[in-house]
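Notes follow the structure.
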Amino acid sequence: MKKLTSTTTTLWDNKLFINNLKNFMQTNTESNNNKTTAQEWKSFILVVVIALMIRILIIESFVVPTGSMKATILENDRIFGTKYSYGYSNYSLSFFDFIHLFKGRIFARTPERGDIIIFRPPHEMNTRYIKRLIGLPGDKVQLIDDVIYINDEKIERVESGIYVSEEGRKYLKFKETLPNGKTYFSYKLAPVLGIMFNDKYGNTDAFYVPEGEYFFLGDNRDQSNDSRIDLGFVPFENFIAKAQFIWFSTKITWWDSDIGVINLILKLKPWAESIRFNRIFRNLYSIED
(Lines of atoms letter the chains of each structure in order from A; the text may use other names.)
(Lines give C-alpha, C1' and ligand atoms only; values in the text may rest on other atoms or scores of the structure.)
Protein backbone atom coordinates (compact mmCIF):
# COMPACT_ATOMS: atom_id res chain seq x y z
CA MET A 1 0.00 0.00 0.00
CA LYS A 2 2.86 2.31 0.76
CA LYS A 3 4.43 1.54 -2.61
CA LEU A 4 1.14 2.32 -4.42
CA THR A 5 0.79 5.55 -2.51
CA SER A 6 4.38 6.42 -3.30
CA THR A 7 3.88 5.69 -7.00
CA THR A 8 0.66 7.70 -7.14
CA THR A 9 2.30 10.59 -5.37
CA THR A 10 5.24 10.47 -7.77
CA LEU A 11 2.93 10.48 -10.79
CA TRP A 12 0.98 13.38 -9.35
CA ASP A 13 4.20 15.30 -8.68
CA ASN A 14 5.32 14.71 -12.27
CA LYS A 15 2.01 15.99 -13.65
CA LEU A 16 2.18 19.01 -11.37
CA PHE A 17 5.74 19.70 -12.50
CA ILE A 18 4.79 19.42 -16.18
CA ASN A 19 1.78 21.71 -15.72
CA ASN A 20 3.90 24.24 -13.86
CA LEU A 21 6.50 24.06 -16.62
CA LYS A 22 3.83 24.62 -19.29
CA ASN A 23 2.40 27.56 -17.34
CA PHE A 24 5.87 29.02 -16.91
CA MET A 25 6.68 28.64 -20.60
CA GLN A 26 3.32 30.14 -21.62
CA THR A 27 3.79 33.06 -19.25
CA ASN A 28 7.36 33.53 -20.46
CA THR A 29 6.22 33.40 -24.11
CA GLU A 30 3.50 35.99 -23.48
CA SER A 31 6.03 38.15 -21.67
CA ASN A 32 8.45 37.85 -24.60
CA ASN A 33 5.66 38.66 -27.06
CA ASN A 34 4.75 41.74 -25.04
CA LYS A 35 8.40 42.77 -24.92
CA THR A 36 8.74 42.23 -28.68
CA THR A 37 5.60 44.28 -29.38
CA ALA A 38 6.83 47.08 -27.13
CA GLN A 39 10.24 47.05 -28.83
CA GLU A 40 8.61 47.13 -32.27
CA TRP A 41 6.51 50.15 -31.28
CA LYS A 42 9.55 51.89 -29.85
CA SER A 43 11.48 51.24 -33.07
CA PHE A 44 8.57 52.48 -35.19
CA ILE A 45 8.16 55.66 -33.14
CA LEU A 46 11.92 56.27 -33.29
CA VAL A 47 11.91 55.94 -37.10
CA VAL A 48 8.95 58.35 -37.38
CA VAL A 49 10.64 60.89 -35.09
CA ILE A 50 13.90 60.69 -37.06
CA ALA A 51 12.03 61.10 -40.37
CA LEU A 52 10.15 64.13 -39.02
CA MET A 53 13.34 65.71 -37.70
CA ILE A 54 15.03 65.22 -41.08
CA ARG A 55 12.08 66.90 -42.82
CA ILE A 56 11.87 69.74 -40.30
CA LEU A 57 15.58 70.50 -39.95
CA ILE A 58 17.56 69.03 -42.85
CA ILE A 59 15.83 68.33 -46.16
CA GLU A 60 12.29 68.38 -47.56
CA SER A 61 10.68 67.38 -50.84
CA PHE A 62 8.61 69.92 -52.79
CA VAL A 63 6.42 69.47 -55.88
CA VAL A 64 6.46 72.35 -58.40
CA PRO A 65 2.98 72.83 -59.95
CA THR A 66 3.67 75.76 -62.32
CA GLY A 67 6.03 76.77 -65.12
CA SER A 68 7.34 80.08 -63.78
CA MET A 69 10.89 78.64 -63.58
CA LYS A 70 10.70 76.83 -66.93
CA ALA A 71 12.94 75.37 -68.28
CA THR A 72 15.22 75.23 -65.23
CA ILE A 73 12.31 73.66 -63.37
CA LEU A 74 9.30 72.12 -65.10
CA GLU A 75 5.77 71.43 -63.93
CA ASN A 76 5.63 68.30 -61.71
CA ASP A 77 9.34 68.34 -60.94
CA ARG A 78 9.92 67.03 -57.42
CA ILE A 79 12.71 68.92 -55.74
CA PHE A 80 14.76 68.44 -52.61
CA GLY A 81 15.42 71.65 -50.69
CA THR A 82 17.84 72.00 -47.79
CA LYS A 83 16.22 73.52 -44.71
CA TYR A 84 19.47 74.48 -42.96
CA SER A 85 20.90 76.63 -45.79
CA TYR A 86 19.59 79.93 -44.39
CA GLY A 87 18.96 78.91 -40.79
CA TYR A 88 15.45 78.48 -39.42
CA SER A 89 12.32 80.58 -39.05
CA ASN A 90 8.71 79.80 -38.16
CA TYR A 91 7.94 79.33 -41.85
CA SER A 92 10.83 76.96 -42.57
CA LEU A 93 9.89 74.53 -39.80
CA SER A 94 7.37 72.04 -41.22
CA PHE A 95 4.24 71.57 -39.07
CA PHE A 96 5.08 74.70 -37.05
CA ASP A 97 4.48 77.24 -39.82
CA PHE A 98 1.93 79.39 -38.04
CA ILE A 99 2.63 78.66 -34.38
CA HIS A 100 5.24 81.46 -34.20
CA LEU A 101 7.71 79.81 -31.85
CA PHE A 102 10.16 82.72 -32.20
CA LYS A 103 10.82 85.89 -34.21
CA GLY A 104 13.15 86.25 -37.17
CA ARG A 105 15.66 83.48 -38.00
CA ILE A 106 18.02 81.44 -35.88
CA PHE A 107 21.39 80.15 -37.15
CA ALA A 108 20.86 82.51 -40.11
CA ARG A 109 23.13 82.30 -43.15
CA THR A 110 23.24 84.95 -45.87
CA PRO A 111 21.53 84.05 -49.18
CA GLU A 112 23.41 84.68 -52.42
CA ARG A 113 22.28 86.09 -55.75
CA GLY A 114 21.33 83.25 -58.07
CA ASP A 115 20.06 80.94 -55.33
CA ILE A 116 16.79 79.17 -56.14
CA ILE A 117 14.65 79.52 -53.04
CA ILE A 118 11.34 78.12 -51.80
CA PHE A 119 9.47 80.69 -49.70
CA ARG A 120 6.06 81.89 -48.56
CA PRO A 121 4.90 84.93 -50.58
CA PRO A 122 3.80 87.81 -48.31
CA HIS A 123 0.51 88.26 -50.22
CA GLU A 124 -0.41 84.55 -50.13
CA MET A 125 1.01 83.00 -46.98
CA ASN A 126 -0.87 79.69 -47.31
CA THR A 127 1.13 78.68 -50.39
CA ARG A 128 4.75 78.32 -51.49
CA TYR A 129 6.66 79.90 -54.35
CA ILE A 130 9.96 78.97 -55.95
CA LYS A 131 12.01 81.70 -57.69
CA ARG A 132 15.58 82.83 -58.30
CA LEU A 133 17.09 85.41 -55.96
CA ILE A 134 18.29 88.49 -57.87
CA GLY A 135 18.30 91.49 -55.52
CA LEU A 136 19.76 91.70 -52.00
CA PRO A 137 18.83 94.21 -49.28
CA GLY A 138 19.98 97.69 -50.33
CA ASP A 139 20.15 96.81 -54.05
CA LYS A 140 18.61 98.82 -56.84
CA VAL A 141 17.11 96.45 -59.43
CA GLN A 142 15.63 97.38 -62.80
CA LEU A 143 14.84 95.66 -66.10
CA ILE A 144 15.50 97.57 -69.32
CA ASP A 145 14.72 95.80 -72.60
CA ASP A 146 14.60 92.49 -70.68
CA VAL A 147 18.12 92.98 -69.31
CA ILE A 148 18.64 93.07 -65.53
CA TYR A 149 20.46 96.04 -64.04
CA ILE A 150 21.72 95.72 -60.46
CA ASN A 151 22.88 98.97 -58.88
CA ASP A 152 22.93 100.53 -62.36
CA GLU A 153 25.27 97.83 -63.69
CA LYS A 154 24.01 95.67 -66.56
CA ILE A 155 24.45 91.95 -66.00
CA GLU A 156 25.98 89.81 -68.75
CA ARG A 157 23.27 88.34 -71.00
CA VAL A 158 24.06 86.23 -74.07
CA GLU A 159 21.54 84.61 -76.42
CA SER A 160 22.04 80.84 -76.37
CA GLY A 161 19.60 79.37 -78.85
CA ILE A 162 16.01 78.15 -78.73
CA TYR A 163 14.21 76.01 -76.16
CA VAL A 164 11.09 74.12 -77.29
CA SER A 165 8.74 73.13 -74.46
CA GLU A 166 6.90 69.80 -74.24
CA GLU A 167 3.82 71.62 -75.51
CA GLY A 168 5.73 72.78 -78.59
CA ARG A 169 6.05 76.42 -77.49
CA LYS A 170 9.32 78.10 -78.51
CA TYR A 171 11.38 80.23 -76.12
CA LEU A 172 14.47 82.34 -76.68
CA LYS A 173 17.19 81.11 -74.34
CA PHE A 174 19.68 83.44 -72.66
CA LYS A 175 22.71 82.76 -70.49
CA GLU A 176 22.84 85.32 -67.68
CA THR A 177 25.73 85.95 -65.30
CA LEU A 178 25.18 87.81 -62.03
CA PRO A 179 27.79 90.08 -60.36
CA ASN A 180 28.89 87.23 -58.07
CA GLY A 181 29.67 85.03 -61.09
CA LYS A 182 26.64 82.74 -60.84
CA THR A 183 25.43 81.70 -64.29
CA TYR A 184 22.05 80.30 -65.32
CA PHE A 185 19.59 80.33 -68.23
CA SER A 186 16.52 82.53 -68.54
CA TYR A 187 13.77 82.14 -71.13
CA LYS A 188 11.61 84.52 -73.13
CA LEU A 189 8.67 83.63 -75.38
CA ALA A 190 9.82 83.56 -79.02
CA PRO A 191 8.00 85.62 -81.66
CA VAL A 192 5.01 83.96 -83.33
CA LEU A 193 4.73 84.79 -87.05
CA GLY A 194 7.24 87.56 -86.45
CA ILE A 195 5.15 89.12 -83.68
CA MET A 196 6.80 89.47 -80.27
CA PHE A 197 4.96 88.58 -77.09
CA ASN A 198 3.53 91.66 -75.34
CA ASP A 199 6.41 92.33 -72.98
CA LYS A 200 5.08 94.75 -70.40
CA TYR A 201 7.42 93.50 -67.68
CA GLY A 202 10.64 93.64 -69.72
CA ASN A 203 10.91 97.34 -68.87
CA THR A 204 10.28 98.28 -65.26
CA ASP A 205 10.71 101.10 -62.82
CA ALA A 206 13.66 100.87 -60.45
CA PHE A 207 13.06 98.66 -57.39
CA TYR A 208 14.90 99.62 -54.20
CA VAL A 209 15.15 96.50 -52.03
CA PRO A 210 14.45 97.28 -48.34
CA GLU A 211 16.58 96.03 -45.49
CA GLY A 212 15.76 92.43 -44.54
CA GLU A 213 13.93 91.77 -47.83
CA TYR A 214 14.81 90.30 -51.23
CA PHE A 215 13.93 90.63 -54.92
CA PHE A 216 13.05 87.51 -56.97
CA LEU A 217 12.54 86.68 -60.64
CA GLY A 218 11.31 83.55 -62.39
CA ASP A 219 13.57 82.13 -65.09
CA ASN A 220 10.52 82.03 -67.40
CA ARG A 221 10.45 85.83 -67.62
CA ASP A 222 7.21 86.27 -69.57
CA GLN A 223 5.19 83.83 -67.45
CA SER A 224 6.22 84.45 -63.87
CA ASN A 225 4.45 86.28 -61.06
CA ASP A 226 7.53 87.57 -59.30
CA SER A 227 8.89 90.71 -57.60
CA ARG A 228 8.14 92.80 -60.71
CA ILE A 229 4.42 92.13 -60.30
CA ASP A 230 2.24 90.99 -57.37
CA LEU A 231 4.93 89.27 -55.31
CA GLY A 232 6.89 92.37 -54.38
CA PHE A 233 9.76 92.02 -51.93
CA VAL A 234 10.08 88.89 -49.77
CA PRO A 235 11.17 89.08 -46.10
CA PHE A 236 14.07 86.85 -45.07
CA GLU A 237 11.81 85.29 -42.44
CA ASN A 238 9.61 83.81 -45.19
CA PHE A 239 12.39 81.65 -46.65
CA ILE A 240 11.73 77.91 -46.33
CA ALA A 241 14.58 76.13 -48.11
CA LYS A 242 17.23 76.36 -50.80
CA ALA A 243 16.31 74.21 -53.81
CA GLN A 244 19.15 71.80 -54.67
CA PHE A 245 18.22 69.09 -57.16
CA ILE A 246 15.36 67.29 -58.90
CA TRP A 247 14.86 63.78 -57.53
CA PHE A 248 11.85 62.79 -59.67
CA SER A 249 9.79 64.25 -62.51
CA THR A 250 6.72 63.37 -64.58
CA LYS A 251 4.83 65.12 -67.36
CA ILE A 252 1.46 64.39 -65.75
CA THR A 253 0.30 63.98 -62.17
CA TRP A 254 -1.13 60.67 -61.01
CA TRP A 255 -2.86 61.32 -57.71
CA ASP A 256 -6.23 63.06 -57.83
CA SER A 257 -8.67 62.53 -54.98
CA ASP A 258 -11.62 63.58 -57.17
CA ILE A 259 -11.39 60.93 -59.92
CA GLY A 260 -11.93 57.72 -57.94
CA VAL A 261 -9.95 54.50 -57.52
CA ILE A 262 -10.73 52.98 -60.95
CA ASN A 263 -9.61 56.10 -62.82
CA LEU A 264 -6.46 56.24 -60.70
CA ILE A 265 -5.65 52.66 -61.74
CA LEU A 266 -6.31 53.50 -65.40
CA LYS A 267 -4.10 56.57 -65.08
CA LEU A 268 -1.17 54.62 -63.67
CA LYS A 269 0.21 53.44 -67.04
CA PRO A 270 0.24 56.85 -68.79
CA TRP A 271 1.69 58.38 -65.63
CA ALA A 272 4.54 55.84 -65.60
CA GLU A 273 5.15 56.45 -69.31
CA SER A 274 5.42 60.19 -68.61
CA ILE A 275 8.40 59.89 -66.25
CA ARG A 276 11.18 62.27 -67.30
CA PHE A 277 14.17 60.01 -66.67
CA ASN A 278 16.59 62.64 -68.03
CA ARG A 279 15.65 65.01 -65.20
CA ILE A 280 16.05 62.61 -62.26
CA PHE A 281 18.85 63.71 -59.88
CA ARG A 282 19.54 66.85 -61.93
CA ASN A 283 21.49 69.53 -60.09
CA LEU A 284 19.59 72.82 -60.38
CA TYR A 285 22.82 74.82 -60.52
CA SER A 286 24.56 72.93 -63.31
CA ILE A 287 24.59 74.69 -66.67
CA GLU A 288 23.55 72.38 -69.50
CA ASP A 289 23.37 73.72 -73.05
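Backbone N, Cα and C define each Cβ position, glycine as well.
Listed in Swiss-Prot:
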type	residues	note
TOPO_DOM	1-43	topological domain 'Cytoplasmic'
TRANSMEM	44-64	transmembrane segment
TOPO_DOM	65-289	topological domain 'Periplasmic'
ACT_SITE	Ser68	active site
ACT_SITE	Lys131	active site
Quiz prompt | Lys131 (active site) versus Ser68 (active site) - Cα distance in angstrom | solution = 8
Exercise. With an 8 Å cut-off on Cβ-Cβ distance and a minimum sequence separation of at least 6, pull the same-chain contacts of Lys131 (active site), or say none.
Key: Ser68, Met69, Ile116, Ile117, Phe119, Phe216, Leu217, Gly218, Ser224, Asp226, Ser227, Leu231
Exercise. Enter the number of other CB atoms within 10 angstroms of the CB of Ser68 (active site).
Key: 22
Quiz item: Over the topological domain 'Cytoplasmic' (1-43), what is the model's mean pLDDT?
Solution: 56
